[in-house]
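Asks: Could you have a look at this structure, given as structure tokens, before my questions?
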Amino acid sequence: MLVLGIESSCDETGLALYDTQRGLLAHALYSQVKMHEEYGGVVPELASRDHIRRAIPLLEQVFSESGVAHGAIDAIAYTQGPGLAGALLVGASVACGLGLALDKPVLGIHHLEGHLLSPLLASEPPEFPFIALLVSGGHTQLMRVDGIGQYTMLGETLDDAAGEAFDKSAKLLGLGYPGGPAISRMAEFGDPTAYKLPRPMLHSKNLDFSFSGLKTAVLTVVKNQTTNICEQDKANIARAFVDAIVEVLTAKCVTALKHTGLKRLVIAGGVGANQQLRESLNAAAAKKHFKVFYPELEFCTDNGAMIAFAGAMRLQINPDAAKKDYAFNVKPRWPLDSIREI
């Protein structure tokens, strides 16, 4: 089965072709980071307009690179939600328009399911069941995954997501956009003993997260500086911030594995690319005797490959999941634990 995947939920336009026999045939991605940089964040209207400009050239690129004819695809999977409404509509319109033109069925995919399954694209994918930490700019969730569509929520953020805390704290330190990579790079030069920031909900009796207080703590430290913050102070604060986030995420993952008795941990989402987090989880895995799986770095960010793959997995379970129904039906808000209804 050959599936075309289309991702357009936020500020990356991604297209990919995935074949259940041959694997990932081609994928192409365009990031709008440079365009949004001057605004300090994603501008939804600009994002939507840029998806329109990029989608068709990227579509032609993946067909050209794969050597596959347009009519050879069996289905089209697109990100149906959650995400920015206008951005989602662009991907949906491309999918439905192409499906109508080629007489191919289409299937809406949950963006977070795409992230959740992206580590399965690796050469040594994890087996079910496993614990998944989904950690990105908009979401921080711990889930038990027993199979495709079999997701049990164990814990989630009660306020800011980890990635959101990264971006906002980076802005407080004047590190620019995107904040996550910037604050992580700065943290590498920081003194881990210079500042001590709180570890929100580290010792709570559940698996939920809360990062708004950590962001506020960074703001307090910045405001308490009597002079302009020098680069070393920024690095020290960044280090304290990253250490706090990483410690909480690692501890919650270890607790989830202990409570469920599982020995496999999957990390998905953009924050999963953070080197400090990977080092911490790898150390915990060696100490606690579990195995941790990550997506390839190129698949940590939003991408079309994960959508094509998720679509292919869905269709293997239920070949009738894709329909020749070309009405747009995007879901800007869409809880992950409801997608088994697809």
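Any Cβ shown, glycine's included, is placed from N, Cα and C.
The following feature annotations were taken from Swiss-Prot:
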type	residues	note
BINDING	His111, His115, Asp302	Fe cation binding site
BINDING	Leu134, Val135, Ser136, Gly137, Gly138, Asp167, Gly180, Asn274	substrate binding site
Asks: Should Gly180 (substrate binding site) be counted as helix, strand, or coil on the basis of DSSP?
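Replies: The residue in question, Gly180 (substrate binding site), is helix (DSSP, three-state).
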Asks: Round to a whole number and give the Cα-to-Cα distance in Å for the pair Asn274 (substrate binding site) and His111 (Fe cation binding site).
Replies: 20
Asks: Would you please pick out, from the binding-site residues Leu134, Val135, the one with the fewest other Cβ atoms within 10 Å of its Cβ?
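Replies: Selected from the binding-site residues Leu134, Val135 on minimum Cβ neighbours within 10 Å: Leu134.
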Asks: Where does Leu134 (substrate binding site) sit in the DSSP three-state scheme?
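Replies: Reduced to three states, the DSSP call for Leu134 (substrate binding site) is strand.
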Asks: Of Leu134, Gly137, Gly180, which is closest to His115 (Fe cation binding site) if I measure between C-alpha atoms? They're all binding-site residues.
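Replies: That would be Leu134, the closest of Leu134, Gly137, Gly180 to His115 (Fe cation binding site).
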Asks: Taking the Cβ of Asn274 (substrate binding site) as the centre, how many other Cβ atoms fall within a 10 Å radius?
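Replies: The answer is 26.
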Asks: For Ser136 (substrate binding site) and Asp302 (Fe cation binding site), what Cα-Cα distance in Å is obtained after rounding to a whole number?
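Replies: On Cα coordinates alone, these residues lie 10 Å apart.
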Asks: Other than His111, His115, Asp302, which residues of the same chain sit close to Fe cation? List them in sequence order, counting a residue when its Cβ is within 8 Å of the Cβ centroid of the site.
Replies: Glu7, Ser9, Thr79, Leu112, Gly114, Ser136, Gly269, Asn303, Met306, Ile307
Asks: In sequence order, which residues at least six apart in the same chain have a CB under 8 Å from the CB of His111 (Fe cation binding site)?
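Replies: Within the chain, His111 (Fe cation binding site) has Cβ neighbours under 8 Å at Glu7, Ser9, Thr79, Gln80, Gly81, Pro82, Gly83, Asp302, Ile307.
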Asks: Hey, of the binding-site residues listed (His115, Gly180), which one tops the CB count within 10 A?
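Replies: Per the Cβ count within 10 Å, the most buried is His115.
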